[in-house]
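Enquirer: This is the structure I want to talk about, given as structure tokens.
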Amino acid sequence: MLGFLKEPVVVTVEINMNVMVLTLMGLISRLWGLSYPRAVVFDEVYYGQFVSLYMKRIFFVDDSGPPFGHMLLALGGYLGGFDGNFLWNRIGAEYSMNVPVWSLRLLPALAGALCVPLAYQILVELQFSHCAALGAALLILLENSLITQSRFMLLESILIFFILLAVLSYLKFYNLQKHSSFSGSWWFWLLLTGVACSCAVGVKYMGLFTYILLLAIAGLHFWHVIGDQNLSNVSLMCHFLARGLALIIIPVAMYVSFFYVHLTLLYRSGPHDQIMTSAFQASLEGGLARITQGQPLEVAYGSQITLRNVLGKPMQCWLHSHTNTYPIRYENGRGSSHQQQVTCYPFKDVNNWWIVKDPGMQQLVVSNPPRPVRHGHIVQLVHGITTRYLNTHDVAAPLSPHSQEVSCYIDYNISMPAQNLWRVEIVNRESDTDVWKTILSEVRFVHVNTSAVLKASGFTGASLPEWGYRQLEVVGEKLSKGYHQSMVWNVEEHRYGKSLEQKEREVELHSPTQMDISKNLSFMAKFTELQWKILTLKNEDTEHKYSSSALDWVTMDTNIAYWLHPTSSAQIHLLGNVVTWASANAAALLYMCLSLWYLIRRRRKIYDIPEDAWQLWVSAGGICVGGWAVNYLPFFGMEKTLFLYHYLPALTFQILLIPIVLQHISDHLCRSVLLKSMFTALIVAWFSSVYFVYCTFSPVTYGEPSLSVTELKDLRWKDTWNILIRKQ
């Protein structure tokens, strides 16, 4: 029974020395002198703020993309013991001693280093020679722009790593498909494809481009599987479900999980809360939660409330009134009602308080038991301090003449009766009998007499003149003009009114509430809101000194100065290897020309290359040219500030194409031994020039050694490059 113990247990391990050496070289090129410079480099000033907020558990929103990449950068800070205390306000600022610079830059550098062996293995899986695969890896290794981008606290190297990992995993899965479907290795690489795609999208939405490409390729391959007559219907269904699980369900679940971790970590209130809804803000520790904790949940007749506009643009604001009236005539000669002004005010103020009144009763206090207001109920809104009723009528608004003026009614004893009845419509109701709830309910106020909807029109950025204290305009908008979030309000602060006398009521309005009712949002509600904010929140895109257009990238007509030493001429630039970039463009052009030539010839039944070589050529193009196209062409339709580093994922795919085209020329177009020898000699000379350019630009890739003015001028190979030269 124990006979197996008579023989030694032997474990055989195969080590690919090419991969090991390439990994070591990648680590050396990316990790060498990683803490230099010990100063904020370019976009570290941007990402560093988020790392500090993670360390302090303070909530933030970054409209540039999902949180996974930020969390990886924060992980580096956590491992280095960073406490988050650093003021990220200036590029070039020296890091204080509490900032673990090496640790913060470690993960991007590791990701950049691992891209080198990944490039090698991708070409091996595409069935190209080890020599071609080695060439691709060395080109990635010696690409100055990729080195620069991976040595700092930036996200592009992490994005490229997950993109290449997804491509490699899918290729390994596809190659196993032919002879070992549903094996352990088959499942591993299929699942890793989905995981890597999800991580790429989680780092930056640019990862979505490669994810879509791989889904399209997987769909095409599955179409071929359907045509396999040797597979039963059950087997086909299993193949379909496996791909659906690994490539769609798991990536989506992982993407949502990134937000779960993000929201779990960031539980404290911070400077970005104000763009979120009141319910979201109240779920965070501190901030609004301190104000709203213990408020009554159900709005009742007699409730004292503040109403926040849900849109929150151009800034959060609350329904507000004050004793001042609209001018009798505006600057353009139009007349007004001369009633009390109603505005949307971007600060908390006692004049933001309103009382919900039952039109059939005079009392302004909550009865016992409270009578809750439900969807469809008619109410009057009484301004707490002035006790005037919210009103609108057929008078043009001051800034929006096609909308109705909203005011608090003053009885001037003229033929303009009060029109102060409003119907409460709960927009996010589950049934038509829903109760109006504090924070949770999003409500619309429809004017009974005119069917106009209470709306904050200041979302366009226009504010009232001096007579309106530059506050935002509130109007009555006809429903026929369509629905907009600026028509929706929610109760943020709430108390049950108890004071019968006005002076006592004013004191009550200034005092905090002390009732104990919890209003927690579910994770999915918070995820949905945060995701929507990320997708729709747009910061004002300003022209940056180093911004560029997508057309500038292909020929590298632009660069970015990342850092300049405060006293010497040492500097770091995002500049690519000129020979590699030119060769990548030539390879892409040659690939498309040769493909067109082969297609035309094949249409004429002329086959210049064997069928297996043709299939290899097409599949390689689908990955490399397709990867370049999907990661580059979408930028022509984007309305955002663009920089050279946005091109790096597309460039990586283009670089992989260079050895593919070179091997194809050597194998199929160089028909004689002499031509092959000459072509090999040209490749050696060409690669030597790649290495020469890498060495030439290394001082501005690594930031040392410091170069003289003459040497810096010699590096300006293009007039459009901005090499920094200090005035003598």
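Placed from the backbone N, Cα and C atoms, the Cβ positions cover glycine too.
According to TrEMBL, the protein has these features:
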- 15-33: transmembrane segment (TRANSMEM)
- 67-88: transmembrane segment (TRANSMEM)
- 100-120: transmembrane segment (TRANSMEM)
- 154-174: transmembrane segment (TRANSMEM)
- 186-219: transmembrane segment (TRANSMEM)
- 240-261: transmembrane segment (TRANSMEM)
- 296-359: domain 'MIR' (DOMAIN)
- 370-427: domain 'MIR' (DOMAIN)
- 578-600: transmembrane segment (TRANSMEM)
- 612-630: transmembrane segment (TRANSMEM)
- 642-662: transmembrane segment (TRANSMEM)
- 674-694: transmembrane segment (TRANSMEM)
Enquirer: Summarise the domain 'MIR' (296-359) as counts of helix, strand and coil residues per DSSP.
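Expert: Going through the domain 'MIR' (296-359) residue by residue, I get 3 helix, 30 strand, 31 coil.
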Enquirer: Below 8 Å between Cβ atoms, which of the listed ranges 100-120, 154-174, 578-600, 642-662 makes the most pairs with the transmembrane segment (15-33)?
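Expert: The stretch I would name here is 100-120.
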Enquirer: If contact means at least 3 Cβ pairs within less than 8 Å, sequence distance 6 or more, would you call the transmembrane segment (154-174) and the transmembrane segment (578-600) in contact?
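Expert: When sequence-distant Cβ pairs are counted, the transmembrane segment (578-600) does not touch the transmembrane segment (154-174), since fewer than 3 lie under 8 Å.
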Enquirer: Taking contact to mean three or more C-beta pairs under 8 angstroms, with sequence separation of 6 or more, is the transmembrane segment (240-261) in contact with the transmembrane segment (67-88)?
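Expert: Between the transmembrane segment (67-88) and the transmembrane segment (240-261), which are separate recorded stretches, there is contact, as judged by 3 or more close Cβ pairs.
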Enquirer: Same-chain Cβ contacts of the transmembrane segment (186-219) under 8 Å, 6 or more residues past its ends?
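Expert: Residues 64-69, 72, 155-156, 158-159, 162-163, 165-167, 169-170, 172-173, 176-177, 180, 242-243, 246-248, 250-252, 254-255, 258, 622-623, 626-627, 630-631, 634, 646, 649 contact the transmembrane segment (186-219) from elsewhere in the chain.
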Enquirer: How about the transmembrane segment (578-600) and the transmembrane segment (612-630): at least 3 CB pairs under 8 Å, pairs 6 or more apart in sequence, or not?
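Expert: Between the transmembrane segment (578-600) and the transmembrane segment (612-630), contact is present.
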Enquirer: Give the nonlocal contacts of the transmembrane segment (100-120) in its own chain as ranges (CB under 8 Å, at least six residues past its ends).
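Expert: Here the qualifying positions are 18-19, 22-23, 25-27, 29-31, 34-35, 38, 48, 51, 72-73, 75-77, 79-82, 133-134, 136-137, 139-141, 146-147, 149-155, 157-158, 160-162, 164-165, 168, 652, 655-656.
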Enquirer: Can you check how the pLDDT averages out over the domain 'MIR' (370-427)?
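Expert: Looking only at the domain 'MIR' (370-427), pLDDT averages out to 89.
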